[in-house]
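Going by TrEMBL, these are the annotated features:
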type	residues	note
COMPBIAS	1-18	compositional bias 'Basic and acidic residues'
REGION	1-30	region 'Disordered'
TRANSMEM	79-97	transmembrane segment
TRANSMEM	109-132	transmembrane segment
TRANSMEM	144-165	transmembrane segment
TRANSMEM	171-188	transmembrane segment
TRANSMEM	195-213	transmembrane segment
TRANSMEM	219-240	transmembrane segment
TRANSMEM	260-283	transmembrane segment
TRANSMEM	295-315	transmembrane segment
TRANSMEM	322-344	transmembrane segment
TRANSMEM	350-367	transmembrane segment
Amino acid sequence: MGATLSDRKHTEGEKQAEDNNSPECSEPGTMDLKFTSSRKYISISVPSKSQAMSPHIKSVDDVVVLGMNLSKFSKPTQFFICVSGVFMFYLIYGYLQELIFSVEGFKPFGWYLTLVQFGFYSIFGLIELQLIQDKRRRIPGKTYMIIAFLTVGTMGLSNTSLGYLNYPTQVIFKCCKLIPVMIGGVFIQGKRYNIVDVSAALCMSLGLIWFTLADSTVAPNFNLTGVVLISLALCADAVIGNVQEKAMKLHNGSNSEMVLYSYSIGFVYILFGLTCTSGLSPAVTFCSKHPVQTYGYAFLFSLTGYFGISFVLALIKIFGALLAVTVTTGRKAMTIVLSFLFFAKPFTLQYVWSGLLVVLGIFLNVYSKNMEKIKLPSLLGLWKKSVEERKSRTLSQTV
């Protein structure tokens, strides 16, 4: 009996020694989780430095734009790169967009331009997606269908409105995204806004009305249809930034993935719509007669727009939708100035005053979102400070 027990102990000891000498436990830095009938011992697996992590794990915090990994830079450098990219590419984008619509006879084909633009975006997104390691789609298809619908509404209606409005009027409307956001917040979510937000919306509304009245006075081709189209585009644009931000942060989707799937699905939407409304054939006929001025400009227009949207998406992912909207609004203001410089159009000082009202509304909007960081002196505080300075001066003179 004693011999049997000793043999069992000896056998268990040999098994335990074999387990301890197994390749899994003999490698430095690695252990295993095992359970035995007599006792249990727990160990944690620690990968060695030589072991490469999967591409999916490596890219969790990476923000890659046009093959450049912005995660390697500091936050200020990331912000400078994104802002520089947004301004440079979107200023060229705006110039080319107005140049295309200056071609005689092209104004009715805004939706076809959007179709071509979405097609180029899809090709560019597919090419960029091939250059990254992880090619899997992370954001659900239903989310992309919603984003694609909003993108079609934003860009399609915006392009079409240029057939009825001056380019500066279209841009000044796009600067006032806060108005539909606030209206939707009040009626849909029952939100309450502070006095600064209300003042910002009032400034933007008055600036828009004044700018539109000025445009209707001096522009011979003013049409109220353009105001309706750009207003609908503004409503879609007000939603899309927050939807993109939530989807990219929740599912950690890449910029190239977002562009590829949202614009390719949007391409199908527009193609179906143009086919059903018989708007495809006249546009193809017209563009085939002017290939350089239409398809050539459209390619450069789409290329700069694709580069620009890549930097905007990086800005949204790193700094959030609010800062991205602020940067793009500043870009739009510069676009208006360049539009008056490069393209001959009637001008009135009402454009300047109404534009300044919109800029004031934008500043109030930014200030409202960052009241704790931006502390402006109040009128009462300035008055008290001036009274104290006067008292101290009087006292010093008396002494």
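Glycine is no exception: its Cβ is also placed from the backbone N, Cα and C atoms.
Relative to the transmembrane segment (295-315), the listed stretch 109-132 leads the set 109-132, 195-213, 219-240, 350-367 in CB pairs under 8 A. Long-range neighbours of the transmembrane segment (260-283) within the same chain, counting only residues 6 or more positions beyond its ends whose Cβ lies under 8 Å from a Cβ of the stretch, are 108-109, 111-112, 114-115, 118-119, 121-122, 125-126, 128-129, 137, 139, 141, 144-145, 147-149, 151-152, 156. Tertiary proximity for the transmembrane segment (195-213) is limited to same-chain residues at least six positions away from its ends with a CB under 8 Å from its CB atoms, namely 169, 172-173, 175-176, 178-179, 182, 227, 350-351, 353-358, 360-365, 367-368, 371. Of the ranges 109-132, 144-165, 350-367, the one with the most Cβ pairs under 8 Å to the transmembrane segment (219-240) is 144-165.
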